[in-house]
Amino acid sequence: KKSDYIKLYVRRVFITDDFHDMMPKYLNFVKGVVDSDDLPLNVSRETLQQHKLLKVIRKKLVRKTLDMIKKIADEKYNDTFWKEFGTNIKLGVIEDHSNRTRLAKLLRFQSSHHSTDITSLDQYVERMKEKQDKIYFMAGSSRKEAESSPFVERLLKKGYEVIYLTEPVDEYCIQALPEFDGKRFQNVAKEGVKFDESEKTKENREATEKEFEPLLNWMKDKALKDKIEKAVVSQRLTESPCALVASQYGWSGNMERIMKAQAYQTGKDISTNYYASQKKTFEINPRHPLIRDMLRRVKEDEDDKTVLDLAVVLFETATLRSGYLLPDTKAYADRIERMLRLSLNIDPEAQVEEEPEEEPEDTTEDTEQDEEEEVDAGTEEEEEEEQETAKESTAEKDEL
C-alpha cells in the first residue's frame, strides 16, 4: 500500500512520486508537491532517493506540515481534524523524537474540566492550580470508567483537573512525553500522588498512620502477605475503602489489560514479565467504616477467620475497582458467598438441600386398563363374526 503522496519536481519538471519515506508514517494522509532548483536532473531516481538534499527536504516538509496543522482554527481542528487524524498525532509523539514538542501542542484529550469538550495541554496548564507542579491523568477503557475510579476521588474533590485517557494508544503517548511546558505527567493510578499540606494536616496524617499501624502490619505480614508489596494509609481516597496502586515503573490496570490482549493475539505469556510480576501497594481509607471496623477486629483477634476473609475480599474488590483482572474469579465468588451467609446469619457449613429422588411410575392401573381394552376389542370382533355367520345362513335358506 502506498504510504507517501508527495510528488517531486526539479525546476518544474516532474521527477517521481514513488517515495517510501519522504513523509513519516504518521503523516501518511498528507498530499503535496515539492519543487526544487537544487537537485540534479541528470541522475536516476534510485540515486536521487539517496541524495543528501532530500534529507533536508524531508525535515522541512514535516515541520511545514505541523505548522500548517497548528494554524487550523481551534473549533475546526477539534471538531473535524482531531476526530479524523488524532491517532496519527499520538503515534507521531511516540515515533518522532525530534518533533515531539511540536506534536504535543497538537494533542487533545477529554478531561474533568468539561463533560463533552476536549482540551489541549496548553489549556490544561493555563487552568492549573497554584503550586500544582504535575499534569494529572487517569487511563481507562471509557470516560465513565476513568472518572468513577477511586484514584481521582480526592483530586476532583480538591478541584484539580484530571485528563482522561480512553484510547489504547493514549497511555503510550503520554509515557513518551517526559514533560510539557516544564510540568511532568503523573498517572494517578500509580505511586507519587502527593498534596501540599499544612503542619496541622501533616500531624493529623502521622497520627492516623500510627493509629492504623496494627492493621497495616497485619495486612502486609499476614492477611495479604503474598499479594501486596506494602499497605499504607491513602491520601487519594475519599469514598472508596481501598485501592491497589502500581509502582512508578509498574503497569496500571488499563495498561495491564492492553498488554494481556496483545499477548493473547501473539500467543506470548506475560506472567513472567518484570512489570506484570511487580507487587502493588494496598492503600486504605482510614475514614471508611469498613476499615475502622477491621482495625477494631484485628486488635481483638488477628486470627479471626472472618476478618481474614474480609481482608481478601477487600483486596479483590480493590483489584477490580483499580482496573485489574482477578486471576481466580471462583475463589472470589466463594468468599462473597461466605460473607453473604454471615450477613444473613446462615451457618457457613450449611449444605445445599439434596434434590428429591424421582419416584417410579405406577404402571399397574395402565396394564389393567390395557387388558380391559383388549378384552373389549376381542368381544366386539366375536359379535361381528356371529352376525356375519347368521346373515350367511339366512341367505342360504332363502335360496332353497
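Yeah, the Cβs are placed from backbone N, Cα and C, and that goes for glycine too.
Values in this document were obtained by computation on a predicted structure and should not be read as measured data.
Residues 397-400 are the range that Swiss-Prot records as motif 'Prevents secretion from ER', among 145-148, 205-208, 209-212, 397-400. Least crowded of the glycosylation sites (ASN42, ASN78, ASN99), judged by neighbouring Cβ atoms within 10 Å of its own Cβ: ASN42. Within 10 Å of the C-beta of LYS76 (N6-acetyllysine) there are 10 other C-beta atoms, taking all protein chains into account. The Cα atom of ASN42 (N-linked glycosylation site) lies nearest to that of ASN99, taking the recorded positions LYS76, ASN78, ASN99 as the candidates.
Per-residue pLDDT, averaged over the motif 'Prevents secretion from ER' (397-400), rounds to 49.
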